[in-house]
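Residues or ranges marked as domain 'Amidohydrolase-related' in TrEMBL: 68-409. Under the heading Zn(2+) binding site, TrEMBL lists His77, His79, His247, Asp321. Positions annotated as Fe(3+) binding site by TrEMBL: His77, His79, His247, Asp321. Sequence annotations record features per position, and here TrEMBL assigns 4-imidazolone-5-propanoate binding site to Arg86, Tyr149, His182, Gln250, Ser326. Here TrEMBL flags Tyr149, Asn323, Gly325 as N-formimidoyl-L-glutamate binding site.
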Amino acid sequence: MLITNIKGLVGVHPKEKLVLRGSEMANLPVLENAWLLLEDGLIKDFGLMNDIPPSILHLPSVDAEGKFVFPSWCDSHTHIVFAAPREEEFVMKIAGKTYEDIAAAGGGILNSAHKLQQASEDELFESASLRLKDMIKQGTGAVEIKSGYGLTIESELKMLRVIQRLKQVFPIPIKATFLAAHTYPTEYKSNHQGYIDLIINKMLPAVAKEKLADYIDVFCEKGFFSVSETDEILSAAAKYGLKPKIHANQLSVSDGVQIGVKHQAISVDHLEETDDEVLSVLANSNTIATLLPSCSFYLNIPFANARGLLNSNATVALATDYNPGSTPSGNMNFVVSLACIKLKMLPEEAINASTLNGAAAMELSREMGSITIGKKANLFITRAMSSLAFLPYSFGQLQIETVILNGEIYNGWL
Ligand SMILES: N=CN[C@@H](CCC(=O)O)C(=O)O
Ligand SMILES: [Zn+2]
């Protein structure tokens, strides 16, 4: 497929650029008045319309006059396998209850776990597929999905098998993360070590045997998993080659970021509570700071200090956190808008954080995240737009006209 007359071909990073940090993130290379050639599911070549080789002019082509072509969004933090939404908690929040109040009253993650334990693998697969299709239509072309609503060995494995089926069926790269350490099941409320032993001695070997996970995650937070409990779980997971991507500093300052960096986490995610120590630990670190501004928006909690992280030369990615409790939305376009409006990221920084750095937060940036020859042809074409900044500016409005996956137009066929 040939795409011609592209007003702006966005994110033409060189092949060797696999992640961007600090001030580099403001550099988003855009080729104006360009063509793009896709072949065998990959990006084959691109250039300026003035120099288009006559030998390719006969190929079937899409005219993108006035439009921008972006690499697909890479959403590196989601929980899209769940049995039921939780809009009753939404109403409780409007009436003044906090996320912690709801969790303490048996709502929250335990509520989702209870419902998921009753659901069949097929039901979970169907509902997660619908969510994933919606995300793809909104421009997402690679995704990470976590377990963590099972909390028993059977149900955690059930969730991970659903993610494995999604991997087999969907035409986009998917990474699976094992998050049994999401909260303590009621029966282990006063026996934390009992649940940790279950994770370490029973769940981890079973997950590893079936090769069901790419990463390990822990919700390191007051009232959930302490820093030393997180340390113990990450050490055990390392024996199975599972690298961490952890939840840290969402509701309070802890040493969650420090413990993640100690274990060479791929990413530490949330960081709504970003103190100076977090900034200095992540400065120049290889661990990516993944920010989830639609979670802050929905829960009315602080927004992460993205500018502080960028000024500290950290590596910042953006993701949705799509889940039924804290972020019932998988729309990366909205995340990019919020990053500009609330995190004060420039459009260029927010787009890099949602493409190349999002891919890096799933160890996918050799194949995804930029318009680079040889990468997967997962991309989208916008409507005609006046400029690049129009996309985040027009928040809540879908500017995507055509989604292309593996070099083919996606029609929501699945
Ligand atoms: N914080 C932990 N996990 C999810 C929320 C889970 C839930 O409320 O169901 C999050 O990332 O926000
Ligand atoms: Zn999360």
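Keep in mind that glycine also has a Cβ here, set from the backbone N, Cα and C atoms.
Unlike curated records, TrEMBL annotations are generated automatically.
The two recorded residues, His77 (Zn(2+) binding site) and Tyr149 (4-imidazolone-5-propanoate binding site), have Cα atoms 15 Å apart. Looking only at Cα atoms, His182 (4-imidazolone-5-propanoate binding site) sits nearest to His247 among the binding-site residues His79, His247, Asn323. When the Cα atoms are compared, Asp321 (Zn(2+) binding site) and Arg86 (4-imidazolone-5-propanoate binding site) turn out to be 15 Å apart. As a whole-number mean, the pLDDT of the domain 'Amidohydrolase-related' (68-409) in this prediction is 97.
Using Asn323 (N-formimidoyl-L-glutamate binding site) as the reference Cα, a 10 A cut-off selects His79 from the binding-site residues His79, His247, Gln250.
The Cβ of Gly325 (N-formimidoyl-L-glutamate binding site) has 24 other Cβ atoms within 10 Å, all protein chains considered. For ligand 2, the neighbouring binding-site residues among Arg86, Gln250, Asp321 are Asp321, by Cβ distance under 6 Å.
The two recorded residues, Tyr149 (4-imidazolone-5-propanoate binding site) and His79 (Zn(2+) binding site), have Cα atoms 9 Å apart.
Sequence-ordered, the extra residues of this chain that approach the N-formimidoyl-L-glutamate site, with Cβ no more than 8 Å from the Cβ center of Tyr149, Asn323, Gly325, are His79, Phe82, Arg86, Gly108, Ile109, Ser112, Gly148, Pro324, Ser326.
Of all the binding-site residues in the record (His79, His247, Gly325), the one with the smallest CA separation from Arg86 (4-imidazolone-5-propanoate binding site) is Gly325. The least crowded of the binding-site residues His79, Arg86, judged by other CB atoms within 10 A of its own CB, is Arg86. The binding-site residues under consideration are His77, His182, His247. Their Cβ neighbour counts within 10 Å are lowest for His182.
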